[in-house]
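The structure under discussion appears below in the form of structure tokens.
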Amino acid sequence: MNNNNNNNQGRAKDIKGFTNAAFVTDGEYNTTSIIRRKSGNANNLQLEAQTVVDGTGNGNNNGGNAAGGGGAGGGNNTINSQLMDFDDILPLIGEFGRYQKLLFLCMIPFAFFVAFVYFSQIFLTLIPDQHWCTVPELSTLPLQERLALSIPRINGEYSNCLMYNVNYTELNEKGVRVADPSWPTIACRHGWSYNTSEIPYSTVATEGDWVCDKAAYPTYAQSIFFLGAICGGLLFGWVADKFGRIPSLIGCNLVGFAAGVTTAFVTNFWQFALMRFFVGFAFDNCFTMMYILVLEYVGPHYRTFVANMSIAIFFTLASCMLPWIAYYLGNWQLFALVTSAPLILAIFTPFLIPESARWLVSQGKVDKAVSILKRLEKMNGKHIPSETYQIFADNCIKLRQEDNKQDSYSVLDLFKTPRLRRTTLLLIAIWMSISLVFDGHVRNVGSLGLDIFFTFTVACFTEFPADTVLTLILDKFGRRWLACSSMVLSGVFSLLATIVPLGLYSASLAIVGRFFVNISYNIGLQYAAEILPTVVRAQGVAFIHIMGYVATIIAPFVVYLANISPMLPLIILGLLGIAGGLLSLLLPETLDHDLPQTLGDGEEFGRGQSIWDFPCLAKKIDEVDDMEQRPQYFVRSTQNGASLRASTRGELRSSILQRSIKSRYSSKL
């Protein structure tokens, strides 16, 4: 036994020069060494080498250009086959060539779709702060005279929901123009009048008089929208795994198109709420599917750029344009049509965008995947030998056959061991707080005391610097402390906004809070995908993001508290931001750490880390030397991105994969 262990240790040192080596001991005698290539180097590609050593010390080396001898027993190495996966062949084809750049540009319409779907209800249900009971008998009088005679004052302001219960015809004939505060009052009888200088067009809410005892109707509709998002996520998640990314992308956009267009013709609240439920089916899916497709064709070193800058540029542009589209059209029905009709363009997707090659491989459709890769190769001006494609196809088929023999896992496995259970519960709590704070800031712009069209535009523009800054610093400073600091700063600025005068000062501080929660939102999307083990990563992240949707159902009710006090929403958002930020310090850091593959890896991941570890201050250690010193035997590296072995197995085991990358920004899957 001791001799075998010594032999294994000797063989471990023979592989110096390779990266991300993982050792798995099979029983007492057999040792398998899997050596990952350095991703992103098309000129000096090192293919994955696999060394299998039996109990006698003899070694068989499978792979390309494997350096180093056999085991300590002096066995001979023979090359049997090359192990090539998607991330091995992609650098040969081009990790961000002309083809991927065109795909990046194809994200533009879908980024517009998700902005329109997400934000349009804000401008469909706007209600001016200044609205009063309509008194038909006084319709010929100027506004100020009508108010002075018919509307009681509460705390110096004209009431929104009460009028004096007197004979206005008689008062008008007598020439009375000022009310007696002692007159009896009553709730509005004949509807409401609205100050159109604040909101220069009628909305579905003002036409339906969703004020006073109906003031919560827009809040209910928004929560129903997020219920639809949960149902749509599950439905089109299943469609994406069963029939492919393209059918799911087309399907969710068509549902959003149909429900959005129908919204323009609703006549009551329940019809509007039903349409918002079905529009919710398209929320996130209408962009996420395209987001996944592009990320799956981009090399690991470009994923952070593509993931973040697609949002920073395209989504931000659409969000900033949206209020001015509503302002210019001046009609809520036309606005509903203009923001929903473009979703029909998704039917042209199959003519412009290929199906996910990774998904095709996971379904055993390797020939179709190879044909797409050849098209990509031609567009990028590369030349790949046919033998390379054959090696790739053979290994994909073998991988799928091996995976079918593996045990199945579920979300429940995340709660069976103490450390992994603790990590999962922390991720859920943190993501729910981030989701609630983010959506709360989005919807609270109308309570900041400034013009909502201008304030909304400025607040949405914070997405651009937030995503740009994060692209530059995330892989330098790590996830944990950036997540903590951004959330805490968001909370601090939200609280500061409550102690300054309402208007410019409070709005400015709240917008700074929105900037920081944008950063934490982007980090949170990626964090869970890096911490959870590969065997349950897809399902685990899907579950966490669904819990985030549950939090967003609550967010409209938090914003509704502004009807009691404009400060209440910001106080709640501030406290939640600080709490969520401090909780993130309890998570392990993932930067420069190999990611967990198995449940056992997940249980051990982060053990020994200190809360005061800062990646940017850590001493750089040679990868192989570090590997020999650490007990973690993980294959997959944060810096090198996902291998087909990890991502395909995640696809095969998960029935809701794309929800796992709900990550608008997840750059490491």
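A Cβ is built for glycine as well, from the same backbone N, Cα and C atoms used for every other residue.
Residues annotated as domain 'Major facilitator superfamily (MFS) profile' in TrEMBL: 107-592.
Residues 194, 199, 203-206, 210-211, 215, 217-218, 221-222, 225, 249, 253, 256, 260, 263, 276, 279, 282-284, 286-288, 290-291, 293-294, 297-298, 306, 310-311, 314-315, 317-319, 322-323, 326, 332, 335-336, 339-340, 342-343, 345-346, 352-353, 379, 442-443, 445-446, 452, 456 of the same chain lie 6+ residues outside the transmembrane segment (102-127) yet bring a C-beta within less than 8 angstroms of a C-beta in it. The transmembrane segment annotation in TrEMBL covers 102-127 (among others).
The transmembrane segment annotation in TrEMBL covers 220-240 (among others). With a threshold of 8 Å between CB atoms, the same-chain residues lying at least 6 positions outside the transmembrane segment (220-240) that come near it are 121, 125, 247-248, 251-252, 255, 269, 272-273, 276-285, 289, 359, 443, 542, 545-546, 549-550, 552-554, 556-557, 655-659, 662.
Sequence annotations record features per position, and here TrEMBL assigns transmembrane segment to 252-271 (among others).
Residues annotated as transmembrane segment in TrEMBL: 277-298 (among others). Same-chain residues lying 6 or more positions outside the transmembrane segment (277-298) and placing a CB less than 8 Å from one of its CB atoms are 90, 95-96, 99-100, 103-104, 106-107, 110-111, 113-114, 117-118, 224-229, 231-233, 235-236, 240, 245-246, 248-249, 252-253, 255-260, 263, 306-307, 310, 315, 340, 343, 346, 353-359, 376, 658, 661-664, 666-667, 669.
Per TrEMBL, transmembrane segment is recorded for 305-326 (among others). Among residues of the same chain six or more beyond the transmembrane segment (305-326), those with a C-beta under 8 A of the stretch's C-beta atoms are 96, 100, 104, 107-108, 111-112, 114-116, 119-120, 123, 201, 287, 291, 294-295, 298, 332, 335, 338-339, 452-453, 456-457, 460-461, 463-464, 466-468, 470-471, 522, 663-667.
Feature annotation from TrEMBL assigns transmembrane segment to 332-353 (among others).
Counting same-chain residues at least six beyond the ends of the transmembrane segment (423-440), those with a Cβ under 8 angstroms from any Cβ of the stretch are 414-415, 483, 487, 490-491, 494, 517-518, 520-521, 524, 527-528, 531-532, 540, 543-545, 547-552, 554-555, 558-559, 569, 572-573, 576-577, 579-580, 583-584, 586-588, 602, 605-606. For 423-440 (among others), the entry in TrEMBL reads transmembrane segment.
What TrEMBL lists as transmembrane segment is 452-474 (among others). Same-chain residues lying 6+ beyond the ends of the transmembrane segment (452-474) with a Cβ under 8 Å from its Cβ atoms: 119, 122, 126, 199, 304-305, 308-309, 311-313, 315-316, 319-320, 322-324, 326-327, 441-442, 445-446, 482, 507, 510-511, 514-516, 518-519, 522-523, 526, 665.
Residues or ranges marked as transmembrane segment by TrEMBL: 481-505 (among others).
Taken from TrEMBL, the feature transmembrane segment covers 511-529 (among others).
Outside the transmembrane segment (541-562) by six or more residues, the chain places 215-216, 218-219, 222-223, 226-227, 229-230, 233-234, 237, 411, 424, 427-428, 431-436, 439-440, 443-444, 446-447, 528-529, 532, 568-569, 572-573, 654, 656-657, 659-663 with a CB less than 8 A from a CB of the stretch. The feature transmembrane segment is assigned by TrEMBL to 541-562 (among others).
Residues or ranges marked as transmembrane segment in TrEMBL: 568-587 (among others).
Non-local neighbours of the transmembrane segment (481-505) in the same chain are 430, 433-434, 437, 441, 448-450, 470, 473-474, 512-517, 519-520, 523-524, 527, 566-567, 570-571, 573-582, 584-585, 587, 614; each lies 6+ residues outside the stretch with a CB under 8 Å from one of its CB atoms.
Counting residues 6+ beyond its ends, the transmembrane segment (568-587) has Cβ neighbours under 8 Å at 422-423, 426-427, 429-430, 433-434, 436-437, 440-441, 444, 447, 479-481, 483-495, 497-498, 506, 510, 513, 516-517, 520, 527, 531, 558-559, 561-562, 606, 611 in the same chain.
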